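As written in TrEMBL, here are the features:
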{"type": "DNA_BIND", "residues": "61-80", "note": "DNA-binding region"}
{"type": "DOMAIN", "residues": "38-98", "note": "domain 'HTH tetR-type'"}
{"type": "REGION", "residues": "1-37", "note": "region 'Disordered'"}
Amino acid sequence: MNTGVRLIDVTHTMSSPPADKPTPARRGRPPQTEKQADQVRARIMLATAEVFAEQGSRGLSVARIIEKAGLARPTFYRYFANATEPLHAVLAISNEDLVGGIGAALDRTEQPVELGINLIEAYLHWAGGHGPMLAPLFAELHDPGSPVSAYREEAIAAIRILVRDKVISLGRPAPAELDLDTSLQICEFVVYRISAAAPHGEPDQPTIDAARITMVRGVLAMLGVRADLEYALTIPGLFESG
């Protein structure tokens, strides 16, 4: 199942001593290297992402995670204190992917219309790695009782700064906060909408292409100026129906 948590991402986020350095082992057990420990952590996190995709955060339990991971309960508790801890690790990686992807996309931006398009491409690229995990992720964005909500606020705060700074660097006045937040909400909603409706959370290419046009229209209206809209009107298919 494509949960959006890739093993390389998981292991790269862990600050560990050299991989050949063994960790203390219990009596009777062979010593475990840090590389092996990281692999077990990654396995638990991948299983957590799968359970989250199926059950949401309120359906997480150690029993469900270890069943998915094929691990014993004592092994789980050697790495995490409860079922929520690995979810926090998964959400942190998701945030890093989204904010980092948008930052890289904005770095490549050289003119205002490009800004909206590159922002949207970054959102779509990020969503493409999450598969069925997107449905509960977006469903819990505005639920203050879910750990997802705090990560969402953290990501939005970082993205606001990135977009605002880029707009200013392009010689435009900083966007109004409501306009900026609305443009980000458009991206969030459209990505959620097409993912929730797709089998296994993975929309087909025609659906993604149509969603891209919808997002561009909305973001341009929020963050663009008259000249941007006039330019956008010359782009074939962008404001034409059918």
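Using N, Cα and C of the backbone, Cβ positions are placed for all residues, glycine too.
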Restricting attention to the DNA-binding region (61-80), give the mean pLDDT.
97
DSSP assigns the residues of the DNA-binding region (61-80) as 15 helix, 0 strand, 5 coil
